[in-house]
Amino acid sequence: MEIIVPILTPFNEKGEIDGEKVKTHVENLLRKGVDIIFVNGTTGVGPALSKDEKRKMLDYVLDVTNKVIFQVGSLNMKEVLELVNYANEKDLIAVASYPPFYFSIPKDFIVKYFKEICKASKHPVYLYNYPGATGKDVDVNLAKEIDCIKGVKDTNPDFAHTIRYKELGIKTYNGLENLAIASLSILDGTVVGAGNYMPELFSQLREYIKAGDMRKALDLQLKIDEIDGTTIPYGKISSMYYLVKELQGYDVGVPRPPMYPLEENKAKELVEKVRKIWNKSE
Ligand SMILES: O=C(O)C(=O)C[C@H](O)[C@H](O)CO
């Protein structure tokens, strides 16, 4: 029943990563019951980071914990392999990658891509399957063909699709906040971007499930959904920077375009809306 948070990337006003803010954030997340930090995921704007920034984020998080999954995906295979080799010298749980996105490619190119990563990696290789973002669905059948995937994070509203990866006997997580109750109950855990700003709600959800108090678990899941849904019109990722400050009490810098900072009035409006839901008892 693991809680994995794809950590946001704290930027300063010049668009540089602020390492001290990364460490403060990781320390708090671990204190609040988060088990693993997923580095350079979607919430961490992984696809928008340079190779050096991806390495820096890994080093900052490793200064605090080795409970790390390091996302290495890129459309530049040379960069992917340099990141895998960099991770080979580090103590961490696994490396992960989304499939090559944007380009229309045959499935056997996706198989070759992941087999190259597996061949180069000393660590287990996890699949980050996010069809809604990449346009590619590396389902259980394709994962079987790749034949070296040791874990999967499936950001997918089709929970039946996610469950099928268990046929491979691998670590299986779903990456959607509104499926956290199912992921914590049936899979190896949940991967939640919203865990950046409300980690304690996911920890509490796990406790309710462990205690068999599914009514309370469901009510809390609905509260999580309401908060998560509130962020969508403002931009989920940009919203997180303001909600961490409001709900966790420390500064995680600003988002970097094309994840634009919120206008002051919008940020205030968002925080007021979320605070109202947060303060409601389940
Ligand atoms: O940010 C990531 O890498 C995630 O896996 C998180 C999910 O995609 C995100 O929470 C979906 O809302």
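A Cβ is built for glycine as well, from the same backbone N, Cα and C atoms used for every other residue.
TrEMBL: automatically predicted annotations, no manual curation.
On a predicted model such as this, the values are computed, not experimentally measured, just so you know.
Pulled from TrEMBL, these are the features on record:
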ACT_SITE  TYR128  active site, proton donor/acceptor
ACT_SITE  LYS153  active site, schiff-base intermediate with substrate
BINDING   THR43, VAL191  pyruvate binding site
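Recorded features from TrEMBL, shown on the structure.
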{"residue": "THR43", "record": "pyruvate binding site", "DSSP class": "coil"}
{"residue": "TYR128", "record": "active site, proton donor/acceptor", "DSSP class": "strand"}
{"residue": "LYS153", "record": "active site, schiff-base intermediate with substrate", "DSSP class": "strand"}
{"residue": "VAL191", "record": "pyruvate binding site", "DSSP class": "strand"}
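For THR43 (pyruvate binding site), the Cβ neighbour count at a 10 Å cut-off comes to 23, with all displayed protein chains included. Ranking the recorded positions THR43, TYR128, VAL191 by the distance of their Cα atoms from the Cα of LYS153 (active site, schiff-base intermediate with substrate) places TYR128 first. Neighbour list (VAL191 (pyruvate binding site), Cβ cut-off 8 Å, at least 6 residues apart, same chain): ILE4, VAL5, PRO6, PHE38, GLY41, LYS153, THR155, TYR173, ASN174, GLY175, SER183. In this structure the C-alpha atoms belonging to the residue listed as 'active site, proton donor/acceptor' and THR43 (pyruvate binding site) are separated by 13 Å.
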